[in-house]
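Peer 1: Per Swiss-Prot, domain 'Ubiquitin-like 1' is recorded for 32-109. According to Swiss-Prot, the feature domain 'Ubiquitin-like 2' maps to 110-188, an assignment based on sequence analysis. According to Swiss-Prot, the feature domain 'PI3K/PI4K catalytic' maps to 257-555. For 263-269, the entry in Swiss-Prot reads region 'G-loop', with the evidence type sequence analysis. What Swiss-Prot lists as ATP binding site is Ser264, Asp265, Gly266, Ser267, Gly268, Gly269, Ala270, Lys286, Gln381, Met382, Phe383, Val384, Asp440. Positions annotated as region 'Catalytic loop' by Swiss-Prot: 414-422. Look at Swiss-Prot and you will find 438-464 tagged as region 'Activation loop', backed by sequence analysis.
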Amino acid sequence: MSVASVALSPALEELVNFPGIIGRFGFNLDDPILVFLTIAGSVIPKRVMESDSIASVKLRIQSIKGFFVKKQKLLYDGREVSRNDSQIRDYGLADGKLLHLVIRLSDLQAISVRTVDGKEFELVVERSRNVGYVKQQIASKEKELGIPRDHELTLDGEELDDQRLITDLCQNGDNVIHLLISKSAKVRAKPVGKDFEVFIEDVNHKHNVDGRRGKNISSEAKPKEFFVEPFIVNPEIKLPILLKELISSTLEGLEKGNGPIRSSDGSGGAYFMQDPSGHKYVSVFKPIDEEPMAVNNPHGQPVSVDGEGLKKGTQVGEGAIREVAAYILDYPMTGPRTFPHDQTGFAGVPPTTMVKCLHKDFNHPNGYSFSPENTKIGSLQMFVSNVGSCEDMGYRVFPVDQVHKISVLDIRLANADRHAGNILVSRDGKDGQMVLTPIDHGYCFPNKFEDCTFEWLYWPQAKEPYSSETLEYIKSLDPEKDIELLRFHGWEIPPSCTRVLRISTMLLKKGSAKGLTPFTIGSIMCRETLKEESVIEQIIHDAEAIVPTETTEDEFISTVSAIMDNRLDQYAWN
């Protein structure tokens with residue numbers, strides 16, 4: 001998956017403000033907003049009107065240089081501009097303001113490969129893959145070329161390192177990358193007494209090189225250059241076998257030389273961790289210091305000024321623990337998991353845990369060395385094989401029960417970032433049934449409801465009533481036990497976030513008990529427009545207006561409950 005980071009550097013901001021630059025690009029001072037996009041190394045000015053909708057701006061970006069844009073994120077003033085039906089002015093954009101954007105381009109890249117003897121063939125690979133993967137594909141396609149590690153790939157005369165990402169090679173705007181493959185020189189040693197003689201062989205001829213006295217350095221143990229290990233706050237916690245195996249398989253891949261592959265999708269640093277063969281992904285690692293608007297974010301986003309994340313009510317650097325918390329609270333029908341059990345949760349959140357990890361291929365803007373200060377702490381989530389995400393296909397084919405299980409999770413956790421792109425689609429191996437897997441839960445558990453968004457709200461499945469099994473699961477939920485469970489795992493969830501969790505769970509339980517559909521319950525939680533408060537926000541404000549400031553949390557929640565009952569009765573009668 002490829003992302004073009006569209007962010008303004010300080011140098012570019014000076015360029016925009018430099019006298020005469022406006023006229024040079026053919027714009028007048030009367031133009032309300034100028035947006036400068038950097039895509040594939042080019043700076044492209046675009047005019048944006050205050051009355052333009054967010055959707056129209058995204059459509060305009062799609063036409064730039066013929067790029068096929070699958071997904072875009074627009075950022076302004078540290079906040080994601082996410083509501084397509086809102087206007088530019090709704091987000092406070094005015095004359096002279098600058099937008100930061102992240103867009104996702106087509107996942108696939110065409111590669112033309114030519115051998116030294118003139119043979120040519122083509123490959124199509126994901127942009128998130130690296131050069132080493134391309135070598136493996138070449139070897140499987142052209143058997144006579146031999147072992148992948150014995151070859152060199154060059155681009156414009158430059159030898160490419162195996163860990164180089166394909167997306168990094170797409171800098172000249174060409175639709176096809178042209179590579180040259182040749183056999184690399186082989187080095188072998190022949191013992192001669194206490195010395196050894198070194199031979200270097202290439203495709204056409206051999207050379208003798210003077211040897212040196214000493215041991216063969218290849219037999220010496222290499223110094224440790226990486227590690228992956230659990231990050232556990234509470235020593236009473238014992239990792240289940242599934243999570244231990246997840247960490248172990250991730251480490252085995254690194255030991256075989258298969259380094260992390262940074263995903264070019266999304267606005268934070270996320271790394272695909274490979275298995276020992278290098279052919280499959282086993283996990284996804286998200287360091288806290290590379291989250292959106294964090295200090296080491298690899299996409300060049302501005303650092304958060306007040307600590308708030310892209311979504312209102314979230315904090316930069318807390319995305320990883322929220323990812324883990326979503327897995328912990330997504331327990332099965334039988335209730336919270338107990339050691340050593342590791343059953344799949346009701347909504348199917350992939351197994352996730354906190355780890356410490358060190359590797360040179362993570363983002364180290366100040367340079368890398370094998371030292372404690374370069375250790376990354378973040379979430380490690382099991383990779384789920386899939387055939388795409390929900391944004392890649394029509395939503396009418398999704399099973400009702402699969403959509404409903406995700407709605408339960410999102411309403412309960414007050415998810416501020418549920419879109420079709422973070423719901424994976426796969427097929428059950430037994431009967432081929434479609435399975436939806438929710439991922440990316442770094443914006444759950446906010447301290448306010450302002451940015452709650454559920455894309456499934458507009459799918460027809462959301463207007464179907466919950467099944468008896470789902471209602472039974474919802475009935476069993478207990479926010480107080482959930483809060484204690486999170487604390488046991490080391491997250492001292494802030495009081496403002498626990499309040500939201502209590503109220504969101506209350507809404508889910510009360511609404512479903514009255515026969516309300518996911519659509520109705522979700523509509524109560526989400527805003528219809530950017531500036532119009534949701535029903536749940538109105539209920540909270542009504543409660544705040546009634547109770548005195550020194551009221552206990554239990555008394556406040558009781559007041560919210562009474563007001564909510566009255567509101568929900570109106571929905572039930574309709």
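Glycine is treated like the rest: Cβ placed from N, Cα and C.
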Peer 1: Between 0 and 100, where does the mean pLDDT of the region 'Activation loop' (438-464) sit?
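Peer 2: Here the predicted model's pLDDT, averaged over the region 'Activation loop' (438-464), is 97.
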Peer 1: Of all the binding-site residues here, Gly266, Gly268, which one's CB has the most other CB atoms within 10 A?
Peer 2: Gly268
Peer 1: In terms of Cβ proximity under 8 Å, which residues at least six beyond the ends of the region 'Catalytic loop' (414-422) contact it?
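Peer 2: Long-range Cβ neighbours of the region 'Catalytic loop' (414-422): 71, 311-314, 389-391, 395, 406, 438-446, 449, 451-456, 500-501, 504, 525.
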Peer 1: In the region 'Activation loop' (438-464), how many residues does DSSP assign to helix, to strand and to coil?
Peer 2: 8 helix, 2 strand, 17 coil
Peer 1: Only counting partners 6 or more residues apart, tell me which same-chain residues put their Cβ under 8 Å from the Cβ of Asp440 (ATP binding site).
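Peer 2: In sequence order, the residues whose Cβ lies under 8 Å from that of Asp440 (ATP binding site) (at least 6 apart) are Gly266, Glu323, Asp417, Asn422.
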